[in-house]
Amino acid sequence: MFFSAALRARAAGLTAHWGRHVRNLHKTAKQNGAGGALFVHRDTPENNPDTPFDFTPENYKRIEAIVKNYPEGHKAAAVLPVLDLAQRQNGWLPISAMNKVAEVLQVPPMRVYEVATFYTMYNRKPVGKYHIQVCTTTPCMLRNSDSILEAIQKKLGIKVGETTPDKLFTLIEVECLGACVNAPMVQINDNYYEDLTAKDIEEIIDELKAGKIPKPGPRSGRFSCEPAGGLTSLTEPPKGPGFGVQAGL
């Protein structure tokens, strides 16, 4: 009896400690806000079918080029890149932008909604000019991503899911971004910043505030995902064709 009670108490303590890091898809979507606070759309004054949106002439030309990458009669295959184009033009995806994508690609609007609500990379709420996405999944967490998140919140004066008053920065937590070997890391717009310390992320934010784009990649000095001390194998060009093959073959 005592053992069971102690075990339950211990489990409850672990749950409380790790709860923020054990997140399913629905919880993540609610927390992240910008990607999709809900999997359904509800009209607001800022986001409704009458919200003005149309592609620029330049982007209409880009859409024509995108569609040509797919077989004739399969415009629907271009939903993802055309949604991305709409988001890059507008900064986020109001329902009117999704409707325009459906119109241009000649597909039912629901086919576009399905995609836009599935992928968290599509922002269905306005975000700042610099969209800071902090990975807090296990590898980054073990490399102290909490210190990175705390440094950002302190530097910008906002919490997860919020945007700075000047609309310059939006901060969210995200699941694994696939750069675990360079943890901890964040994604800002399209760029990865890796091997971070709290000081690194503060410097990156200062550069962005100054209108500069910091160099992406590791901040530790290593190249890409090579070992911190440099290569230990593949240190010279590979041998040419036929190397090691018997002369009689």
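Glycine too: its Cβ is placed from the backbone N, Cα and C atoms.
As written in Swiss-Prot, here are the features:
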type: TRANSIT; residues: 1-32; note: transit peptide
type: MOD_RES; residues: Lys61; note: N6-acetyllysine
type: MOD_RES; residues: Tyr193; note: phosphotyrosine
type: REGION; residues: 213-249; note: region 'Disordered'
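For the residue listed as 'phosphotyrosine', the Cβ neighbour count at a 10 Å cut-off comes to 23, with all displayed protein chains included. Just so you know, the Cβ of the residue listed as 'N6-acetyllysine' picks up 11 other Cβ atoms within 10 Å once every protein chain is counted. Secondary structure of the region 'Disordered' (213-249) per DSSP (helix as H, G, I; strand as E, B; remaining residues coil): 0 helix, 2 strand, 35 coil. Reported as a whole number, the C-alpha separation between the residue listed as 'phosphotyrosine' and Lys61 (N6-acetyllysine) equals 32 Å.
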